[in-house]
Structure formats: structure tokens, C-alpha cells
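Everything on this sheet refers to the single structure shown next.
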Amino acid sequence: WEFNGSFYQPSAFLMMGIPGLEALHPWISIPFCALYLTALLGNCVILFIIRRTPSLHEPMYFFLSMLAVTDLGLALCTLPTTLGLFWFNVRRIGFDACLTQMYFIHILSFIESSVLLAMAFDRFMAISHPLRHPAILTKTTVLKIGLAIVLRGMVSLLPIPFLLKRLTYCGRTELSHSFCFHPDIMNLACADIKVNVFYGMIVLLSTVGMDFIFIVLSYILILRTVLSLTTKEECLKALNTCVSHICAVLVFFIPMVGLSMIHRFGKDVPPLVNTLVAYTYLIIPPALNPVIYSVKSTHIREALLRALRRTRA
């Protein structure tokens, strides 16, 4: 502990695995390893395929590349502490290292939310305004959107580590997960955390909350356009281009909202439920997104099969 007058700050936090199943951590690590391996290999394959296939150099796949990079970052942020705990029972993480991990986890989560919004806008333009789509979403525009997304996440979350460092911590140092999460750290403080709660809620609603609202609005407009099409085949073809994105949105937003609500309002929720929702939020989307797009996107699937044939030849 670091002591300065009435100010206390722990030198480290203790991470938790899966409550009640500590003896089974080595076995539990097997599915986690499979998920991490799927996330790393799958997203790298998506990036490789898009880079090597000129026909995929269009806005939809540029945004998919951003999503793959973000998912890689999320997987790499939590992999060392999660597998370190399951394999070697390494529970200790330094205070500053914890804040750094927390900052990048939240930034990447916010970036993923914004990229999903950009992908929804791309689908709306492609379906509702196909003639204007190439002129509006040029490579330069896509690059500017990507930079704006990163800057928004970095700037909006920059105060969070400093708001946590100003707090006084006493007694408890056990985190609820094998990674650092803002509400989790905040709840360990014995000082007034109203500023942290208020700022965290404002940032969450003004970024992820607004992203979700605009995604829903985009699909309402897409659905209105699709219903105006003359034939059933045209309707199905238009909707089929959105299936992968809708799956990615659901896989990301449902556990994220659940985890946020549990940390803020779910005082009586069993620790096991809290832990499972947290792992679902941070590990499942990076592993499932490349699988979803590889299965549902015809162009990605065909490019992948061509690459495999060249490798065998």
C-alpha cells in the first residue's frame, strides 16, 4: 500500500477467475484457449484475405478490416491475464498496469461499437442509395471515419484513469474478473465515486448508447427500402447482405449492456453470472465475428477458398 496522509492506494489488485471453480481452472482454460486461438487466427485470416483480394477493396470490407483489428486488440488485451490466472494462478496485477489494461479494453470496446455503426451506415447507403454509395464512401472518407472513431474513443475515455487514481482505496483489492474493468475498480474505492459513476454513465450513453440508437435507425430505414422493392428475390438479396452485420451487432451489444447493468445495479446477482457475462462480452465477439463473416459473406468465403487452393497447389 502507498500512504500519503489520508490517501491510500494499493500497489496491486488481485484478479479472480471463475468463482467456485478455482480447482478446475486448468481444464476451463482449454475452451478459453480455443476461443483465443479462433479470435487471433480468424481475424488475421480476414485481414490477409481482404488485403490480398483487390475485389474486396471497398468500404464494406475496409470497415470489416477495422472490426478485425479491433477484435485482435480486445483478444490480446485480456489474453495474458486470463490465461496467466488459469494456467499459473497469477492473480496479482500492478495498479498502473491495471489502469492501462482497463483503458485499452474500454477504448477498443467503444471503437468496436463505432465501427459497427459505420458498417450499418455503409449497408444503408448501399441498399437505399446504391448510385451515391461509391461517391460518398470513398477510400479517403473511410480513412477519415476510422481516424474519427479512434480519436473519439481515446479522448472520451482519457479522464477515466485519472478519476480512478484520485480515489482512496481501502480494505478490498479483489477484482471480479481476470481483467480490469472500470466499474469493478471503482467499486473497490472507499471514497465518493459519484463523479466516476456520472462521467462513466455520460460517456457510455453518448458513445455506445448513441451508436446503438443510430444502428437501429439505420435498419429501420433499410427495412423501409427493402419493403418497397418489387420482388421477393430482391428483398431477400438485400437483407442477406445485412445478416452478418446484424449477428455481429447482437453478439457485441447484448453482453455489453448486460455487464454494464450488472456492475451498476446488480448487487444481488451471483458472482458466477457476472463472470460469465464478462467473458462473453470480451472473448466471444472477437472469436465469433470472423466465423460469422466467413460463413455468411460469399465474397470472403470465395476468396478464402481461392487462397486455400493456391496454398495446396
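The first residue you see is number 1, and the count goes up from there.
Backbone N, Cα and C atoms are what each Cβ position is placed from, and that goes for glycine too.
Pulled from TrEMBL, these are the features on record:
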| type | residues | note |
| --- | --- | --- |
| TRANSMEM | 24-50 | transmembrane segment |
| DOMAIN | 42-293 | domain 'G-protein coupled receptors family 1 profile' |
| TRANSMEM | 62-88 | transmembrane segment |
| TRANSMEM | 100-121 | transmembrane segment |
| TRANSMEM | 142-164 | transmembrane segment |
| TRANSMEM | 197-223 | transmembrane segment |
| TRANSMEM | 235-256 | transmembrane segment |
| TRANSMEM | 276-295 | transmembrane segment |
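Contact count against the transmembrane segment (235-256) (Cβ pairs under 8 Å) is highest for 100-121, out of 24-50, 62-88, 100-121, 142-164, 197-223. The stretches the transmembrane segment (24-50) and the transmembrane segment (276-295) are in mutual contact, each linked to the other by at least three Cβ pairs under 8 Å (pairs 6 or more apart in sequence).
Of the two recorded stretches, the transmembrane segment (142-164) does not lie close to the transmembrane segment (276-295), with fewer than three CB pairs under 8 Å once pairs fewer than 6 apart in sequence are set aside. Ranked by number of Cβ pairs under 8 Å to the transmembrane segment (62-88), the listed stretches 100-121, 197-223, 276-295 are led by 100-121. Averaged over the domain 'G-protein coupled receptors family 1 profile' (42-293), the predicted model has a pLDDT of 91.
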